[in-house]
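Participant: Under the heading Fe cation binding site, TrEMBL lists 6. As annotated by TrEMBL, heme binding site applies to 76. Look at TrEMBL and you will find 2-95 tagged as domain 'ABM'. Annotation source TrEMBL lists site 'Transition state stabilizer' at 66.
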């Protein structure tokens, strides 16, 4: 199991507005190896919110296939605003991890 986290810093108050965009569903659900998306709000910073968008994949290759897919391109269309509207995104960092141990009441 591979978990990829996109840690996105956003202006204070914007995380809850943006979160549903990541979990609205779509073609990602049809891709091989996709398990789920979780959006976490880390609100311990005074000046900004931090979102963790965690995508769970069977393998890292499945994640890489997502990055090259038409589904990825469609999901990210129109992200940048050409108008005068300023983006709430302050920055981001992508982190990949392999799950090596789990305790759960659910099977992965």
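From the backbone N, Cα and C atoms, a Cβ is placed for every residue, glycine too.
Unlike curated entries, TrEMBL annotations are predicted automatically.
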Participant: Give me the Cα-Cα distance between residue 66 (site 'Transition state stabilizer') and the residue listed as 'heme binding site', rounded to a whole Å.
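Facilitator: For residue 66 (site 'Transition state stabilizer') versus the residue listed as 'heme binding site', the Cα atoms are 12 Å apart.
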Participant: Would you mind reading off the Cα separation of the residue listed as 'Fe cation binding site' from the residue listed as 'heme binding site', to the nearest angstrom?
Facilitator: 14
Participant: With DSSP helix as H/G/I and strand as E/B, how many residues of the domain 'ABM' (2-95) fall in helix, strand and coil?
Facilitator: 27 helix, 36 strand, 31 coil
Participant: When a 10 Å sphere is centred on the Cβ of residue 76 (heme binding site), how many other Cβ atoms does it contain?
Facilitator: 9
Participant: Would you mind checking how many other C-beta atoms are within 10 angstroms of the C-beta on the residue listed as 'Fe cation binding site'?
Facilitator: 15
